[in-house]
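Enquirer: Structure incoming, see below.
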Amino acid sequence: MNNGLPRPVTAVVIVAAGSGERLGYGMPKARVPLGSDAILTHALRGVAAAGVARQICVALPPGDTVLQELCAAFAEELRAGHDDNQENPLPVLTTVDGGATRAASVRSALAALLDGTEAVLVHDAARALTPEYVFHRVVDSLAAGAVAVIPAVPVVDTVKMVTPTTGDDSSIAPELVTGTAPREELRSVQTPQGFRLSTLIQAHQAAADFDEKQAAAVTDDAMLVELLGVPVHAVHGSTQSLKITTPLDLIIAEGLLEGPLGIRWVEG
Ligand code: C5P
C-alpha cells in the first residue's frame, strides 16, 4: 500500500543478459520457459502489474533477437491491455545490450534512462515471480526518504565461514570451519533494489574501473552503494521472489505458477 507520500519518478531496470548456464537449458535464462511463457515475460508482467515504473529498461544479451522480439511482443500486450482512463500511464519499454558482468549490464541500462528519472529499481529477470507488494515496499521506502533500499528475508540456515583444508587435514575433509555468523543479524537479499538515480550512477562510476577479481565479487547494486558510505535500508522481501538459478528453482517456480500466482498472471 502507498504510504501517502509522493513517489519519485521511477524507472525499473531488468537485468536479463546472463547466460543462465547453471540452469542447463543451453540458452539464456531469460528465454527459458516457465509454464507457457519465458522467464523474462513473467518478470515483465510482474513489473508492469506493480505499476511503479514510468520506464522499464531491459538489458538483454547482445544480438539476442529472440529476446528483443519477446520484449516487442510484451510492449504490444501492454498496449492492448491498457485503458487510457487507468491511473498509471503506459510505461515506456526500452531494451539495451547487456555487458560481460551484471554490473556492466546495469550501467548500460542506466545510460538509457529517460530525462527526469529520479529513482531506479534494479531487478533480476531471474526473480520472475516477485510479488507486486515488494515493488511497492521498495518505492514507498524511497518516497519516505531512503536513498538506497533492498528487499530482504531472514536466513533460515545457520551460516558458517570456512577455509580449504591443507596438508594432512585435507584427507579428513575438504574444508575447516572458522566461525559462525550470528543468524539473527543475517538476511538473504533480493531484488528489486531501489536507489535515488544519482546515487546509483555514482556507485557504478566508482566500480567501472574495478579489475576482474573485484568485478566478479560484485553480486548486487547495494554493495556498490555501501562502498560509497551511503546508508542502505532493508524492507521485508518475499520467499516467492526466489532467484531461478538451478533446475530445482525452476520446479519450485512452476509449482508456484500452478497455485495462486497462476490464477493472477495466467488467467487474470
Ligand atoms: O548470474 P546471476 O544469477 O547473479 O545473475 C543475476 C541477474 O543478472 C540475472 O537476471 C541475469 O540475467 C543478469 N545478468 C546480466 N548480465 C550479465 C550477468 C547477469 O544482466 N552479464
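Heads up, the Cβ atoms here are built off N, Cα and C, so glycines get one too.
In TrEMBL, annotation is done automatically, which means it is predicted and not curated.
Below are the features listed in TrEMBL for this protein:
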type : residues : note
SITE : Arg22    : site 'Transition state stabilizer'
SITE : Lys29    : site 'Transition state stabilizer'
SITE : Arg183   : site 'Positions MEP for the nucleophilic attack'
SITE : Lys243   : site 'Positions MEP for the nucleophilic attack'
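Each of the listed features needs to be described in terms of its position in the shown structure.
Expert: Secondary structure at Arg22 (site 'Transition state stabilizer'), as computed by DSSP, is helix.
Secondary structure from DSSP puts Lys29 (site 'Transition state stabilizer') in a helix. Note: Lys29 (site 'Transition state stabilizer') has non-local neighbours Ala16, Gly18, Ser19, Gly20, Leu23, Ile39, Ala125, Ala126, Ile244, i.e. same-chain residues 6+ apart with C-beta under 8 A of its own C-beta.
Annotation note: Arg183 (site 'Positions MEP for the nucleophilic attack') sits in a helical segment as assigned by DSSP.
Around Lys243 (site 'Positions MEP for the nucleophilic attack'), a 10 Å sphere centred on its CB holds 17 further CB atoms from the protein chains shown.
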Enquirer: May I ask for the distance between Arg22 (site 'Transition state stabilizer') and Lys243 (site 'Positions MEP for the nucleophilic attack'), taken between their Cα atoms and rounded to an integer number of Å?
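Expert: Computed Cα spacing between Arg22 (site 'Transition state stabilizer') and Lys243 (site 'Positions MEP for the nucleophilic attack') is 12 Å.
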Enquirer: To the nearest whole angstrom, state the Cα distance for the pair Arg183 (site 'Positions MEP for the nucleophilic attack') and Lys243 (site 'Positions MEP for the nucleophilic attack').
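Expert: Cα to Cα, Arg183 (site 'Positions MEP for the nucleophilic attack') and Lys243 (site 'Positions MEP for the nucleophilic attack') are separated by 21 Å.
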Enquirer: How would DSSP class Lys243 (site 'Positions MEP for the nucleophilic attack') in three states?
Expert: coil
Enquirer: I'd like the number of other C-beta atoms within 10 A of the C-beta of Arg183 (site 'Positions MEP for the nucleophilic attack'), please.
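Expert: Step by step: centre on the Cβ of Arg183 (site 'Positions MEP for the nucleophilic attack'), count other Cβ atoms within 10 Å, giving 12.
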